[in-house]
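Below is one structure, written out as structure tokens, with a few remarks after it.
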Amino acid sequence: MENNILELRNVTKDYDGKVVLKGIDLNIKEGEFITLLGPSGCGKTTTLRIVAGFEKPNSGQIMFEGKDLLPIPINKRQFNTIFQSYALFPHLNVFDNIAFGLRTKKTKKDILQREVLKQIRQVGLEGFEDRNINDLSGGQKQRVAIARALVMKPKVLLLDEPLAALDVQLRQHMREELKRLQREIGITFLMVSHDQEEALSISDRVVVMNEGSIQQIGTPEDIYNEPENLWVAKFIGQSNIIEDGIFIEDNKVQIDGKTFVCDDTNFGENEKSIDIVIRPEDIEIKKTNAGFFNGTVMHTTFKGVHWELLVETTKKRIWKIHTTQAFKVDDKVSIKWNDEAIHVMWKEVE
């Protein structure tokens, strides 16, 4: 398709009879930042390794710029990979690590010097050219790995959980750096991550995977606000799942005997084969009788930026709620939400 730099078509993979990928279909546009997100064992790293050329699929096609990628050897693919371990050379300094690929291609000395220094500036390592790799921090090593990959001018940069080894604050900073670099350079990034916040904060689109299948592809906003199935709703963030609600008609649902307005349509009439999702941060705590349901605070947990409450309402339903207000166990409250807080999806077929 037009502008697709990379296309995976019904890609499958198994190891000794154990199916790892169950027919992956994915189109990636030139210049996109795509993240494969999922729990351990979901197939995201295998997908990346197949694209990189480290693994062969059992079946399916991978097209790069409209041509079959699979017969092309790793060193001929216009990709570079950044690993979680960085894979830097400990006996080389920063400059020589970054220059390694250009030297193997016998790049002219003046061009090599110019390109390496350009990347050193790009990743903010000016003054570190002669520094020994073992004397660098984790974040600095990550910058060297990025510069070493980008100096080869790949058309696609593959990133295998590149920030996983960093501490929390440094990881957050490097997320911003990765996104900045990707925007400035304009090449396609394909990253693997198990970190939801990481994927949602820096990706143009997120590919949510589980048990070898793609569960949903969409923008971070779509993935979070419009999960396509129960698994995605539970995996991405936190959710209140109403499994016994009724879709009365377009823009109307029923929860515990009360009718609520929603934005959803095309689920039929009086349909029970649906789940209703309401995020904890979308529920407001009100005084008794001021909301939709009265309830009692059963549990409170301070999370730093907010309190997490468990409130029991009608029919013993327990609601998880995030609020900046402090409450005590046994406080009497009521709960309320806006129409757009309700999201309806079909129940998963067993």
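Using the three backbone atoms N, Cα and C, a Cβ is placed for every residue, glycine included.
Listed in sequence order, Asp160, Glu161, Val192 are the same-chain residues six or more apart from Thr45 (ATP binding site) with CB atoms under 8 A from its CB. Feature annotation from Swiss-Prot assigns ATP binding site to Gly38, Pro39, Ser40, Gly41, Cys42, Gly43, Lys44, Thr45; the stated evidence is sequence analysis.
As annotated by Swiss-Prot, domain 'ABC transporter' applies to 6-236.
Using the Cβ center of Gly38, Pro39, Ser40, Gly41, Cys42, Gly43, Lys44, Thr45 for ATP, the list of other same-chain residues with Cβ within 8 Å runs, in sequence order, His194, Met209, Asn210. Summarising the environment of Lys44 (ATP binding site), the number of other Cβ atoms within 10 Å of its Cβ, over all protein chains shown, is 28. This prediction places the mean pLDDT of the domain 'ABC transporter' (6-236) at 93. Gly43 (ATP binding site) has a Cβ environment of 23 other Cβ atoms inside 10 Å.
Applying an 8 A CB threshold to same-chain residues 6+ apart, the list for Gly38 (ATP binding site) reads Lys44, His194, Val208, Met209, Asn210, Gln215, Phe235.
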